[in-house]
Amino acid sequence: MKLLWAPIVDSVYSKRFGRRKSWMVPCQYLIGIFMLFLSYKVNDIMGDSNGVEPNVFFLMLIFLPLNFLAATQDIAVDGWALTMLSKKNVGYASTCNAVGQTAGFFLGNVVFLALESVEFCNDFLRSKDNQKDTGIVDLAGYVFFWGWVFIVTTTLVMILKREVDKSVPAADRNGQVAETEEDEGELELGVAESYAVLFKILKLKPIHWMVAILLTGKLAFAASDGMTSLKLIDMGIPKARLASIGVFLTPVQILLPWLIGKWTAGPRPLNIFLLAFPYRIFIGGVFAALVWWTPHFRMATGDFENSVYIVWITGYIFHQLATYCMFVSMMAFIAQISDPRIGGTYMTLLNTLNNLGGNWPVTVVLAVADWFTYKDCVVKGTKDVLYACHTKVLADQCSAGGDVCEVAIDGYFISVAGCSVLGVIWYKVFFNRIKQLQKIPRSQWKVFGR
């Protein structure tokens, strides 16, 4: 839907108000208003301790338009970044993106959970003689606060940030695209013309390779990224403990994009991608080893030793180093090759393909992992195997007889190994191609005026 909506955002706007501000300002005002309204309805939507049930239907009605507005704002900001930043600095758009997303997640998730937690506030933020049975903030108050932040910051952007008009006619009398002095003008296209441009982008020869890279590149990490946390939860590690790991990852996620910005903003940003790729495959193997190792340190109480959490925090930090290096470098390259004259559509197309390339492999791996999992019905307290219990019926039959259905071969390890092998093959196939893509003149990525 976002991809189909992008050409409209690119082509319909008020020239007087600004091509990107025409969409960004109203969207952010509406998001702020929605959040203010939502703050008064939190208890009705989420339910409360008095027996009020969560209203899932109303929650859907609120968040569908909220997500739509956020997606529209994202298209506008992506397009604006290409013209706001100079050609030399356009690669820093990915740095801003990564740092902004991390900071937003930290403020909206980690900070909120901490300030809402009674235990955290009493232990760390309140004196012993000022203990209370509530956190410092609740969900309604937090949403209300950020609703006003949206409205105030949007007002400041609207008043203080002037959008330079870089639009140029789609074609002159001879049917040729008009060029600005620096070839940075944004084309004035109708809605139908914008959709036609979308298909022209897909016809570009370099884009064909980019599509293949974006859609298949993350298959190597699908099993480790999509299944590791599920395996840890299945072992008995509390979800809250896993979520708290994000606190330790946030500094890395904020600082790393700035540290590698010098290279990702340069002419060869994907060199960082190529360096991090095999390292991330290796981290997937380390995760598999840690998943095998973790159950050996479960205590009699069912909890795990603190050393287990320290090891996993360290592992996730190294995982984030590789993940963010790849993410920032790819986003920098996308920003560099996107034609600023149709920036919203171009960036949205490549970002959508990139997101799709991260989602479909995880979905497939989760669907097929059970195919590689084999279970045996074992006599309780012994190692004697009675029969295979790989189906639910057989597993229930085994349990009903007082025996235990144990995993003999875990599909997680096979999935990680299979994805890693595919990743090594992918790396050998696409390594030189990615190097060549960086050498293609930026003009070859443009739809018009090449």
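Quick reminder: no glycine exception, Cβ is built from N, Cα and C everywhere.
Per TrEMBL, the features are as follows:
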TRANSMEM  23-42  transmembrane segment
TRANSMEM  54-71  transmembrane segment
TRANSMEM  92-115  transmembrane segment
TRANSMEM  135-160  transmembrane segment
TRANSMEM  207-223  transmembrane segment
TRANSMEM  243-260  transmembrane segment
TRANSMEM  272-293  transmembrane segment
TRANSMEM  313-335  transmembrane segment
TRANSMEM  356-374  transmembrane segment
TRANSMEM  412-431  transmembrane segment
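Tertiary proximity for the transmembrane segment (207-223) is limited to same-chain residues at least six positions away from its ends with a CB under 8 Å from its CB atoms, namely 201, 277, 280-281, 284, 330, 337, 350, 353-354, 356-358, 360-362, 364-365, 369, 412, 415-416, 418-420, 422-424, 426-427, 430, 433-434, 437, 445. When Cβ-Cβ distances under 8 Å to the transmembrane segment (135-160) are tallied for each of 23-42, 92-115, 313-335, 356-374, the top count falls to 23-42.
For the transmembrane segment (313-335), the residues of the chain that approach it from at least six positions outside its boundaries are 81-82, 90-95, 97-98, 214, 245, 248-249, 252-253, 256-257, 260-261, 263-265, 269-273, 275-277, 279-280, 283, 286-287, 290, 347, 350-351, 354, 438, judged by C-beta separation under 8 angstroms.
Long-range neighbours of the transmembrane segment (356-374) within the same chain, counting only residues 6 or more positions beyond its ends whose Cβ lies under 8 Å from a Cβ of the stretch, are 214-219, 221-223, 225-227, 388, 390, 407-412, 414-415, 419. Within its own chain, the transmembrane segment (23-42) has Cβ neighbours under 8 Å at 9, 13, 17, 58, 62, 65-66, 69-70, 72-73, 75-77, 80, 138-141, 143-144, 146-151, 153-154, 157-158, counting only residues six or more beyond its boundaries.
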